[in-house]
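Engineer: Pasting in a structure now, in structure tokens, and then I'll have a few things to ask.
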Amino acid sequence: MSLLFDPGFVILREDQSVKLFNIILVMSQVFGGLAVLLVTIWMSKFESGFAWNEDPDKEFNYHPTFMIMGMVFLFGEALLVYRVFRNERKKFSKTLHVILHSCVLVFMLMALKAVFDYHNLHKDPSGNPAPIVNLVSLHSWIGLSVVILYFAQYIVGFITYFFPGMPIPIRQLVMPFHQMFGVLIFIFVSITVAMGISERAAWKHTCWTKEGQMCAQQATSSFVGVFTFLYTVCVLLLVLNPRWKRQSLPEEEGLHHLTSSHSMSD
């Protein structure tokens, strides 16, 4: 694996490398789009659609939908910004990176509200309040941990790289940790999604738990997980290959040297 991502280990010519990048990029968009499409079909067709807190059972359906849209697809797109737009000015890429992560944060918060409302406002068949205890499953424990880590990553990244005035040496010191934790959180998101899909299927899909057969609902949920994993793999291949890493433009190199010299003289 270390050899695969060694920038000095070159098998493909530059034109072949660019072609491979584009192929994996297209595959990532197809897999990510299918994951979003299928989770929407799963929740709208097989799980009775969407509503807000007037119908907690339907409000829950926003949870997996928004998590796939935000924490999987938009998170992955945010990671890809510096690869897809590696020949654009850094200010453009950085702004788009922050916008996408901010959208992820919004989707994440709405998804969390949906699942907590579902638990807290749950009613029994007679219509009486029957709250479900929060945070008891392994999925919820790991999911909450991922949410906290993501929020911390967002705050640290925003202050360090988007908020003006942070010294360049500090940015350089934080960067490898920022990149590493971003990738790790993204991987754990995919794992958490798989756990959530399995948990929901075990509770709600009676075709295989009681009838012992595959059904469209179960197949749809399983394909959501498959395409989530495939999207994750494609994003990681694109992000971890140093050959596709964004390189500073000539004008940015000059500005960096001027800024560094000014900092040293101070």
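Every residue, even glycine, has its Cβ placed from backbone N, Cα and C.
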Engineer: So that I know how the record lays things out, could you check whether Leu20 and Pro169 fall in the same topological domain in Swiss-Prot, i.e. on the same side of the membrane?
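Structural biologist: Same side, per Swiss-Prot.
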Engineer: Count, for each of 62-82, 96-116, 142-162, 177-197, 220-240, the Cβ pairs lying under 8 Å from the transmembrane segment (23-43), and report the range with the highest count.
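Structural biologist: Comparing 62-82, 96-116, 142-162, 177-197, 220-240: 220-240 has the most Cβ pairs near the transmembrane segment (23-43).
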Engineer: If contact means at least 3 Cβ pairs within less than 8 Å, sequence distance 6 or more, would you call the transmembrane segment (220-240) and the transmembrane segment (96-116) in contact?
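Structural biologist: Judged by the Cβ rule, the two regions do not touch, with the required three close pairs absent.
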Engineer: Mind checking which residues reach the transmembrane segment (142-162)? Cβ under 8 Å, same chain, six or more beyond either end.
Structural biologist: 71, 94, 98, 101, 104-105, 108, 112, 135, 170-171, 174, 178, 181-182, 185, 188-189, 191-192, 195-196
